[in-house]
Amino acid sequence: MTKLSAFNFQKWIDEHKHLLKPPVGNQLVFKDADLMVTVVGGPNKRTDYHDDPVEEFFYQLKGDMLLKLHDTSTGEFYDVPIREGDIFLLPAHIRHSPQRPQEGSIGLVIEPARPEGVLDAVEWYCFECSGLVHRAEVDLESIVDDLPPLYAAFYNDEKLRTCPHCNTVHPGKNPPEGWVAL
């Protein structure tokens, strides 16, 4: 067994800061662990909602973020600001869209590995009628590798972006002006 040791987390963040900006935006701290410990940097813009089959722990280290939530049992969309120094535990299967509009913001997200055969999903909702436009599921092993192809497929296909309820075409990557307000 390899000898275990601690490391300075702030130094790790400083050494990986160049990866905490678009287009990558996040980095796994531990590659071979049962916990996915991810550092996420801002700014980011996203229009999808993640349906995560496990809990997610958020700790906002620097700057503020906004967690957009969708309660599928009531249809309600609402925002939870997570300020610098705040923590938040998101239950499994709560649709959420993490927004980090501030340049240089940094958050820590911790979640358990998925049980075998359990899928993650990303969903896009219509900005006009709030109906579900598209859902894509994935057997998630790597946030960095497995999610980008789902986004690319949606963004590059107008048919996938067309709302089946009102025929409005979803804007893809770019949310409407004012969608994120801290």
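Even glycines carry a Cβ here, placed using N, Cα and C.
Annotation comment: Swiss-Prot describes Arg46 as O2 binding site, evidence class sequence analysis. Marked as Fe cation 1 binding site by Swiss-Prot on the basis of sequence analysis: His50, Glu56, His96. If you look up Swiss-Prot, you'll see Glu56, Arg100, Glu111 marked as substrate binding site. Feature annotation from Swiss-Prot assigns Fe cation 2 binding site to Cys126, Cys129, Cys163, Cys166; the stated evidence is sequence analysis.
Around the Cβ of Cys166 (Fe cation 2 binding site), a 10 Å sphere holds 12 further Cβ atoms from the protein chains shown.
A separation of roughly 20 Å, to the nearest angstrom, links the Cα atoms of Arg46 (O2 binding site) and Glu111 (substrate binding site). Per Cα geometry, Glu56 is the residue among the binding-site residues His50, Glu56, His96, Cys126, Cys129 nearest to Glu111 (substrate binding site). Around the Cβ of Cys126 (Fe cation 2 binding site), the same chain contributes Leu132, Val133, Cys163, His165, Cys166, Thr168, His170, each under 8 angstroms and 6 or more positions distant in sequence. All chains included, 21 other C-beta atoms sit within 10 angstroms of the C-beta of Glu56 (Fe cation 1 binding site). Each residue contributes its Cα atom, and for His50 (Fe cation 1 binding site) and Cys129 (Fe cation 2 binding site) those atoms are 19 Å apart. All protein chains shown were included, and the count of other CB atoms within 10 Å of the CB of Cys163 (Fe cation 2 binding site) stands at 20. Excluding the listed site residues Cys126, Cys129, Cys163, Cys166, the same chain places Phe127, Glu128, Ser130, Gly131, Val133, Pro164, His165, Asn167, Thr168 with Cβ atoms within 8 Å of the centre of the Fe cation 2 site Cβ atoms. The Cα of Cys129 (Fe cation 2 binding site) lies closest to that of His96, out of the binding-site residues Glu56, His96, Arg100.
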